[in-house]
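Please read the structure below before turning to the comments.
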Amino acid sequence: MFGFGNEYEGLAFWLPLIWAGLIAVAVAMYVIVDGFDLGVGILFKAAHSENWRDRMMFSVAPIWDGNETWLILGGGGLFAVFHIAYAVLMPALYVPIILMLIALIFRGVAFEFRFKSERSKFLWDNAFFFGSLLATFFQGMVLGSFVQGFSNDGRQFTGGTFDFLTPFSVVTGISLICGYGLLGATWCVMKTTGELEIWARRMAVRFLIATIVAMAIVSLWVPFLGRQIEMRWFTWPNIAFLAPIPLITAYVAYRLFRDLDEGRHYRPFFLTIALFLLGYLGLGVSLFPYNVPPNLTIWDTANTVNSQLFALVGFAIVLPITFAYTAYAYYVFRGKVAEEIQGGGYGYH
Amino acid sequence: MELDALMLSRIQFAFTIAFHIIFPAFTIGLASWLAALEFNWLRTGNPLYRNLFRFWVKVFAVSFGLGVVSGIVMSYQFGTNWSRFSEYTGNVLGPVIAYEVITAFFLEAAFLGIMLFGWERVGDRLHFFATCMVALGTLISAFWILSANSWMQTPDGFAIENGKAVPVDWFKVVFNPSFPLRYAHMVLGCYITTAFAVAGMSAWMLLRHPHDAPEAKLAASRRSLSMALWFAAIFVPVQIVIGDLHGLGVLKYQPTKLAAIEGNWDRMSNMPLRLFAIPDEEAETNHYEIGIPKIGSWVLTHAFDGEVPGLKEVPREDRPPVWPVFFSFRIMVGIGFAMLGIGLWSLYLRYKGTLFTNRTFLTATMIMTPSGFGAVLFGWFTAEIGRQPFVVYGLLRTADAVSPVSAGAVTASLLTFFVVYAFVFGFGSYYLAKLLRRGPDPVEDIRGDDLSKKPKRPFSVPDEGLEGRPGHRPQPVR
């Protein structure tokens, strides 16, 4: 019962493409939604008062758990349909992944512990800040090492423990801190009021400048990694099709500056998302169809057709529902966070 | 024992999953307990249920948070430390794990926010719906992960191609032979774990404050004690029956594991029920054995002369370590029968009308607070150590499943996990203890119509204007 044949030639071509698209969406969702709540953590230490920190944390407390679930889907999804990629990438990224997970533990429990503590509150303020900062940094390193590529024999990783650690991956780590900081700041602009909002605007401008500089450095560096990525961008006719990507990026960044200055509430956040998606698109163009650069494609690493189909049936049915109720959860907590938060907190706390 | 990447990875996985399982075991039960409390509150309007809900939901939130963060670690460890396992089983287990994420984790996470923070925003019925969705999410999550685990114990519905398992029949993969009973056994185990935790904490409250606490608090404690003990009295016997049936499955599909559980070296009929023994793996025999003749065969085969397989039937390298399996199983069963005793005792005291005043009984119940966690852990030790030396029973050895990572890297990560878990979960237990010590405080009515006037809600009114006029500095909304 419920066996799908492996005999369809066409499916063996199309399914990995569909799945690559779906997992790209999951990763993009993760980067955006956990990006802003990690970003709130990155700004956390700089906040001027206890009340500000309470309000910042409240703005993400009801939704952070769902945001982080996209990370599990990223890992789980890779295991589900590109198990070879999962098997090669995870050992190759052993150190940054474990460190990212540990950082996420600290910031995750801070949500619960901070509101339950009095004397030890500073501990969880720090856990939230450093956890967010380091989780972001190691995610950026993972991204950087991904672009660099991994030595493998087609089934398993064959490189060393510290292959991931290069000047390039350190720079991508720092870049992601700038980017998530910008997401967090524009989120705070959207979700808070008063002095805190005005401060968030100032922070957003600073992080925007940092993000633009970081994007420029990374974009210029990539061609020197010797992976012939520049061939894809700078040859005719590709250049005609791809030139709009950096141009639109520049325009979005300009619009974002103006919006922050003009006092818009919502749009800076969504423009930041657009900025992220453009960067992400650029990355996709550079790497496709490799999901274990430099040599394994999505077809090399995919599961059997039967396995991919089984997972796809579930995703086709369940994912729209997931989007619907996740959107509903956001809708329930729409609006700005109130300025007075009493005592040790509210809600169920 | 050589501390290479394999051994260290095994220790790391055992350590992180043993820590992790404590929290889901609790939250699976607690989520349903919360749904039951809220249902009773909506049905009767008795504030006592709401007070209990508002108390246990805090305990739930802390436990769930700890479960989530320790769980994310698990989903990546399959790859970081067991990449050859991932390569071998990915075609089969990958989709099963993915189903857990999309059908359960998102459901739990989305509605958890509403359950914890949203009562004022969505109204009673929708809030109750959210609580039910969280409870459903925990059960769906257990469904998929236990299906994956059961497949590793009793793989089915697959073929081997190019040295890897590929799926042939998904129905057989998901509903593999040991899955249905394992699922029933585990979910019921989680419910019973929660029942004893709730009963124990309630008994503690009654013992500490026989008279001096506010009546509402004591009434709430009595009610939760009574509800939890009804559950235990009815379902511990059911669990013992399910456990027995599950054991028949082990006999059929994993005879070597069963032999280790029983400490049985030679195939025999009329096997005694070994209550105690020191299994000696070198000499392939038991020392200081105490047993009841023939009962072992009867328990396993439901016939006194039923044949039970022996460890010597397979070569030494195919046997699991005997004594941890042998003792873990006995500890689990021992705890189960102690629970049965508490359940029966509670029925007797109910009949006499002294359930809430018998201090010996309340003390015993209080001592049993963590018993369920112990039973769950030792049950899993039995199941997972008993599966060794295979990671997928009979197919893939644990030694062939490990990642090509260096021992140094795993040593470092393992030590880090030790320190971090000790710190984080130490504080978690401290805050939980503080919460539990305070007990179910009566909550002022949060459902009144004057809600909009209360200033302390974390979110402003939804229809408040958010955008400043174009071209102007925003006027901060106050």
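Quick reminder: no glycine exception, Cβ is built from N, Cα and C everywhere.
Please treat TrEMBL annotations as automatic predictions, because they have not gone through curation.
Look at TrEMBL and you will find B:443-453 tagged as compositional bias 'Basic and acidic residues'. Positions annotated as region 'Disordered' by TrEMBL: B:443-478. As annotated by TrEMBL, transmembrane segment applies to B:12-34, B:55-76, B:96-119, B:126-146, B:183-207, B:228-248, B:325-349, B:361-381, B:401-428.
The stretches the transmembrane segment (B:183-207) and the transmembrane segment (B:401-428) do not meet in space: the count of Cβ pairs below 8 angstroms, excluding pairs fewer than 6 apart in sequence, stays at fewer than three. Sequence-distant neighbours of the transmembrane segment (B:96-119) (same chain, 6+ residues past either end, Cβ-Cβ under 8 Å): 34, 57, 61, 64, 68, 75, 78, 126-127, 130-131, 133-134, 136-138, 140-141, 143-145, 147-148, 151, 173-174, 446, 458.
Across B:126-146, B:361-381, B:401-428, the stretch most heavily in contact with the transmembrane segment (B:325-349), judged by Cβ pairs under 8 Å, is B:361-381.
In this chain, the transmembrane segment (B:55-76) lies apart from the transmembrane segment (B:361-381): fewer than three C-beta pairs between them fall below 8 angstroms, excluding pairs fewer than 6 positions apart.
In terms of C-beta pairs under 8 Å, the stretch of B:12-34, B:126-146, B:228-248 lying closest in packing to the transmembrane segment (B:361-381) is B:12-34.
Of the Cβ pairs linking the transmembrane segment (B:12-34) with the transmembrane segment (B:401-428) and spaced 6 or more residues apart, 3 or more are under 8 Å, so the two regions touch.
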